[in-house]
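A.B. asks: Before I ask anything, let me first share the structure, which is written out below as structure tokens.
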């Protein structure tokens, strides 16, 4: 395999992506494929941190009638389920993995401690961050931007169920325009569905590029090698 473009990356996985075509729960085949991709990029010297969403179990913004704070905490718990599933898949193929959660649940995961997380990465362990930031009103996209800054990751790999960023939904509009490169401000001003504005602003302030692409094993590897796939935001 070619030499990687990045030494340390943060891979952001949406919960929906983990569900596969079923749209709900965890698709073991998808999770196993992601684990294989992570192992392959780790084998060429890339340190990998992961942030997982929880949308395959819970969508807080659509929980009508529920207190927003409560809904967000339920969403955080959903991300921990996904983190544990991915950890299991990775360890089944002999990839040392640690789950760290922003909410203390020591029976199943380490508490989030920045220095410890960095040390795990340096020791070639995959670190999966669960429970978001630990605070309501913050998305897992914002978690990804925050953890990428804290881990000093060189790029956020945003693996989604679409192949790039478009000006409108390509599944609905045949004339949707595909972007290959965007600035942070364009994403914010055009309200493009990349990350929410808080996450995008955090990436802009810390000069962390974002690569958006369709979640496949091959694409994760290609993104790490710096190939022109999907959309790059910088």
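Positions of Cβ are set from backbone N, Cα and C atoms, glycine also.
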A.B. asks: For which of the residue intervals 20-25, 26-31, 32-37, 38-43 does Swiss-Prot record region 'Involved in allosteric activation by GTP'?
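C.D. replies: Comparing 20-25, 26-31, 32-37, 38-43 with Swiss-Prot, region 'Involved in allosteric activation by GTP' matches 20-25.
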A.B. asks: Given that Swiss-Prot annotates 72, 133, 134, 135, 136, 137, 138, 139, 140 as binding UMP, state which candidate in 45, 54 belongs to that site as well.
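C.D. replies: According to Swiss-Prot, the candidate sharing the UMP site with 72, 133, 134, 135, 136, 137, 138, 139, 140 is 54.
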A.B. asks: Among 54, 72, 133, 134, 135, 136, 137, 138, 139, 140, listed as contacts of UMP, what is the widest Cα spread in Å, to the nearest whole number?
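C.D. replies: Max span of the UMP binding residues, Cα based, is 15 Å.
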A.B. asks: Across the listed ATP-binding residues, 12, 13, 14, 15, 55, 59, 161, 166, 169, what is the farthest Cα to Cα distance, given in whole Å?
C.D. replies: 23
A.B. asks: Specify all same-chain residues, apart from the site residues 54, 72, 133, 134, 135, 136, 137, 138, 139, 140, whose Cβ lies within 8 angstroms of the center of the Cβ atoms of the UMP site, ordered by sequence.
C.D. replies: 75, 76, 132, 142, 143
A.B. asks: Within the region 'Involved in allosteric activation by GTP' (20-25), what mean pLDDT does the predicted structure show?
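C.D. replies: So the average pLDDT across the region 'Involved in allosteric activation by GTP' (20-25) works out to 86.
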